[in-house]
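According to Swiss-Prot, the feature Zn(2+) binding site maps to HIS117, HIS121, HIS127, an assignment based on sequence analysis.
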Amino acid sequence: MDNLNINFINDDEHPIPSQDLLLKCLQLVADKHHISHAEVNLNIVSNDEIQQINKQFRNKDKPTNIISFKFEKPQGLPDDIANDFLGDIVIAPAVLENEAKEQNKELNDHWQHIFIHGLLHLLGYNHQDDQEAEVMENLEIQLLAQLGIANPYIEQENQNGR
């Protein structure tokens with residue numbers, strides 16, 4: 001795992017799961033995509049901060065659980081610079097905590113799910129339409145199963161009448 005790195009940015013010291021737990025998620029995603037070197041910034045922020053980011057970049061004036069920013073290498077940057085950098089993930093722990101309670105999920109399980117979700121966005125996965133969402137959700141379910149975490153979408157499907 002020496003070639004996989006998460007830069008934790010948690011200036012206000014919000015409570016988060018162990019770094020090893022999240023690094024294991026990165027390892028799973030990297031292995032699945034045959035990635036041997038990867039670096040990610042994980043920014044831990046308040047609800048107010050993520051609401052501002054959500055408004056600025058997604059035109060949604062409300063807090064959200066996670067926002068991912070895939071790294072786009074600027075033209076002219078030498079190939080050997082930032083080759084392994086996937087991008088930035090911003091997470092609001094208070095939103096995750098509320099969601100976990102509302103959905104009767106273990107908090108660490110929900111963290112792992114949402115972090116994997118964000119990592120997949122950095123690799124180009126999306127859920128803009130039903131087909132893309134199905135591909136992304138199925139991959140999340142598969143990766144979470146390797147961590148011993150149940151399908152996080154089952155309860156939501158039942159609530160949504162799917």
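Positions of Cβ are set from backbone N, Cα and C atoms, glycine also.
Owing to the predicted nature of the structure, the values given are computational and were not obtained by experimental measurement.
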Greatest C-beta neighbour count within 10 angstroms, which of the binding-site residues HIS117, HIS121, HIS127: HIS117
Additional residues surrounding Zn(2+), by Cβ distance to the HIS117, HIS121, HIS127 centre under 8 Å: SER68, GLY118, LEU120, TYR125, ASN126, MET136, GLU140
